[in-house]
Amino acid sequence: MGRRKLRFSNLYSFSCFKSPATDDHAQIGRKGYSRVVYCNDPDNPDSLQLNYKGNYVSTTKYTAVNFIPKSLFEQFRRVANLYFLVVAFVSFSPLAPYKAVTVLAPLLMVIGVTMVKEAVEDWRRRKQDVEANNRKVKVFGKSHTFTETRWKHLKVGDVVQVDKDEYFPADLLLLSSSYEDGVCYVETMNLDGETNLKLKHALEVTAYLHDEESLKRFKAMIKCEDPNENLYSFIGTLHYNGSQYPLSPQQILLRDSKLKNTDYIYGVVIFTGHDTKVMQNSVDPPSKRSKIERRMDKIIYILFSTLIAISGVGSVIFGIETRRDYEDGKYRRWYLRPDHTTSLYDPQRAPLAAFLHFLTGLMLYGYLIPISLYVSIEIVKVLQSVFINRDQEMYDEESDRPARARTSNLNEELGQVDTVLSDKTGTLTCNSMEFVKCSIAGNAYGRGMTEVERALLQRKSGKPVVEADDSCNDLNDMGKSVKGFNFRDERLMKGCWIHEQDSDRIRMFFRALALCNTAVPEEDKESHCVFYEAESPDEAAFVVAAREMGFELYERTQMTISLHELDPGSGRRVDRVYKLLNVLEFSSSRKRMSVVVRSMENQLLLLSKGADSVMFERLSEHGRAFEAETKEHIKRYAEAGLRTLVVAYRVLDETEYCNWEAEFTKAKTAETADRDVLVDELADKIENGLVLLGATAVEDKLQKGVPECINKLSQAGINIWVLTGDKMETAINIGYACSLLRQGMKQITITLDLPDIDALEKRGDKEGASKASLESVSKQINEGKFQMTSAKASSTELSLVIDGKSLGYALDKKLEMSFLELALSCASVICCRSTPKHKALVTRLVKTRTGKMTLAIGDGANDVGMLQEADIGVGISGAEGMQAVMASDYAIAQFRFLERLLLVHGHWCYRRIAMMICYFFYKNIAFGFTLFWYEAYTSFSGQPAYNDWYMSFYNVFFTSLPVIALGVFDQDVSARLCLKVQAIIKFPLSINSLASTSSLCNHCELNALNT
């Protein structure tokens, strides 16, 4: 396919190649909009004065210069380490009861081991940085040719060439591409988690830059906004050849996004390194510390108090005994030679001697504080993480991805999780769309049941539902499975649709699916099979479905789309070429997409597909023949958890189209601020009087084992919340399919889909609508709380379903506590139409207001805020990029592995760490009090009962390994029993007492009795 001949600017109505000037561009030159870029002009004196950052990127915590001071600061933030540091310094004085080296050596070893661990982890991050910084890119140099250089050497203003399937090395202004008009396709999976391709386009004024000769003469200046974190906006102006051209996000290519379906692009570097938008978004993750560690600090403070108390008792007794050694000019204990002594033992200055003895006691009884506790716990946690990483039961063969503990600090927290907050698409589901059903000419096609349908039928009948056995025969007849296509119906398959009564409408239906898209066909060089690069998984499924039905899209050129079509007359496939005249793109506001094509019979066709909410109102009077049947099918598909689109067409009159095309072209090229409005109005004008063809239904399947996993977690007393962007009907049915909503549950629904509020919004009364919405949500929450009271009396489980609009009001300061009280009383909560901000706010509300452990799990960039806000973040390494994984504490390949992560590893790690801490403190208390007991028989002389090195090695070596072994290997029950008897996990969840102070006292008492 000759890409240089493609010219999409004639087609894409909402992607015009000259950005309209807006009020925002008037801010150029003001504060926040002061950046100036001299393009392809490195010797410009003004350019040399600009001191912009280089393109070197570092994500490490330390540098070679600050590693030692910063790491030491981190270590001595721990109270115990700071205490032993002070003791180490004081041990060089005569006050020390033992040699200084016996204190200093263990301290240095403990600090050293921890610093080495920090250094290794930071070195791994540095290796990733080195790999990224040393990637190669082609730069247009002073010799007026492209030469390869490393990413880190790029400068602002450089002109670069990026080839197909390469990542952009910095934030670039798109100048031109292998397409003549500067169009390119970009995959932004690393930025926003979306796998669909984005269309970018250059300004017309730079689209001609296709060779080194034209680039040689190119000199320009860009004035734009300063570096910021907003991925979806850009304000700037290109000054070129004496004219100014407004810039928009459509001309900006962001670092770490990938060039797709385009041979190459030329671009100018605008932002480099840490100024790029992706790096501006990469904030340091919040420091997460486990509750056991915080409780451990409290226990250490108690031991400090004990240490001070027994040192105080010893010093008082020592002072009294010392004063009695000299009475009436006589020495009582003459053999101690009190007449030849220092201030450490001076009967005539007993108070001073007592104070100095107090300081000696603080060092002598310092073995109450376990110096190796922190490092031992870190060793144990690292080893526990190794077991998690190597657990074969959490390895996904299909994706070849094991579980990965990205931090070892929170292992024991996995056993205390109270609430799981989960994304849906890609987390509970596969995020892989399959064409499963359709409605054509009022007839429903597609047999078999989806998982949601089976759950729906089971809910109504109360019995398990199994599909008919003949479904397997259908699959065998179809041959090998096709990605994106899971349709079974002998009436349409293998060309049988030509025998149907409405074969003409069926042909037009699948022809519309094959033509009404922006998919680009690509041929696999090895298998010679055609696959499609589409802007969304849904669109790819439609094109594949059309191909399987005999309408294969095999080529797209500048102005044509070529299909292999099944001819009903001959029963053979024939080549048909359609002239592509216009593409009216899909957008969230339009909710539809249309194309205008001319057939080989010179017939003008408008083919359109879109949401039912906007399509049915655009049908003509004679085009509604089977509207009622189609609406019924769409309702049934939505109840089955399927995504639906309505397909329609219209035959255009030649004169009407020519008049419309003239107006449309004029609107597209207008430079007025209301250009987009004019284009939208003209699109509405032609997208009317449509004839209904039918509707499509695609399925995003549940991941394997999701219902069983959710059921097990619920039985273990863990609350499950799902935060999804789906419609309420779809979310509810998905909830039943994955066992989030169960039989016998009483459902509380909060929604603002009410006639009164809709009427206020249509009148434009925003203030009135907002007030009415707040009152309505408050009323519905109160009604839900009343239902909660009655449900408690009857021991009925509750579920809460709330839409995104209502959720925004429920999170208001006035209502958030009432909403939270209601939500916490429910076993399951589903928040529909949730934005990323909603997800993060809900997570924060649950975490801060309840004080209980929260775990968030997601797979996309839109889940990052939720993962970082939760106590524990779990990323799914699925199809939506690695942003969620990079922001998570643990990464798993499938949602079902969460069951084993929490119920097995969480239970084991929590119990092991808790028992280990209790045993650690017990052995140190036992050892410390033997010294105190010895002191009582030696008049509290401050002399140690043991050899110096023995006391040091007691903590660090002699008693550490058994405790570490306990923390790594101890199992109270097997993994099988953990999964089988979920009540086991409830014990630490409900009382959280294993590492409590009372538990420590009981542990010490029990061991003392045994001893």
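Keep in mind that glycine also has a Cβ here, set from the backbone N, Cα and C atoms.
Nobody curates TrEMBL annotations by hand; they come from automatic prediction.
Per TrEMBL, active site, 4-aspartylphosphate intermediate is recorded for D423.
There are 32 other Cβ atoms within 10 Å of the Cβ belonging to D863 (Mg(2+) binding site). According to TrEMBL, the Mg(2+) binding site annotation covers D423, T425, D859, D863.
Here TrEMBL flags D423, K424, T425, E539, F586, K609, R643, T724, G725, D726, R833, K839, N862, D863 as ATP binding site.
Per-residue pLDDT, averaged along the domain 'P-type ATPase N-terminal' (37-102), amounts to 80 for this model. As annotated by TrEMBL, domain 'P-type ATPase N-terminal' applies to 37-102.
Residues or ranges marked as transmembrane segment by TrEMBL: 79-97 (among others). A Cβ distance under 8 Å defines the sequence-distant neighbours of the transmembrane segment (79-97), meaning residues of its chain 6+ beyond its ends; these are 103-104, 106-107, 110-111, 297, 300-301, 304, 342, 344, 356, 359-360, 362-364, 366, 369-371, 373-374, 942-944.
The feature transmembrane segment is assigned by TrEMBL to 103-120 (among others).
Residues annotated as transmembrane segment in TrEMBL: 299-320 (among others). Note on the transmembrane segment (299-320): residues 79-80, 83, 350-351, 353-355, 357-358, 361-362, 364-366, 368-369, 917, 921, 924-925, 928, 932, 935, 939-942, 997, 1000 of its chain, located 6 or more positions outside it, place their CB under 8 angstroms from a CB of the stretch.
The transmembrane segment annotation in TrEMBL covers 352-375 (among others). With a threshold of 8 Å between CB atoms, the same-chain residues lying at least 6 positions outside the transmembrane segment (352-375) that come near it are 78, 80-81, 83-84, 87, 90-91, 95-98, 103, 106-107, 110, 113-114, 296, 300, 303-304, 306-308, 310-312, 314-316, 318-319, 322, 343-346, 917, 920-921, 924-925, 927-928, 931-932, 935, 940, 942, 944, 951, 954-956, 960.
What TrEMBL lists as transmembrane segment is 913-934 (among others).
Residues 98, 102-103, 105-106, 109-110, 367, 370-372, 376-377, 379-380, 383-384, 387, 912-913, 915-916, 919-920, 923-924, 927 of the same chain sit 6 or more residues outside the transmembrane segment (949-969) yet have a Cβ under 8 Å from a Cβ within it. Positions annotated as transmembrane segment by TrEMBL: 949-969 (among others).
In this structure, the CA atom of F586 (ATP binding site) is 25 Å away from the CA atom of D423 (active site, 4-aspartylphosphate intermediate). Measuring Cα to Cα from D863 (Mg(2+) binding site), the recorded positions that fall within 10 Å are D423, out of D423, R643, G725, R833. If you draw a 10 Å sphere around the CB of F586 (ATP binding site), it holds 23 other CB atoms from the protein chains shown. According to DSSP, the domain 'P-type ATPase N-terminal' (37-102) comprises 29 helix, 3 strand, 34 coil. The number of other CB atoms found within 10 A of the CB of T425 (Mg(2+) binding site), across every protein chain shown, is 21. You'll find the Cα of N862 (ATP binding site) roughly 9 Å from the Cα of D423 (active site, 4-aspartylphosphate intermediate). The binding-site residues listed here (R643, G725, R833) include G725 as those with a Cα within 10 A of the Cα of T425 (Mg(2+) binding site).
Among the recorded positions listed here, namely D423, R643, G725, R833, D423 has its C-alpha nearest to that of D859 (Mg(2+) binding site). Take the Cα of D423 (active site, 4-aspartylphosphate intermediate) and measure to each of the binding-site residues R643, G725, R833: the nearest one is G725.
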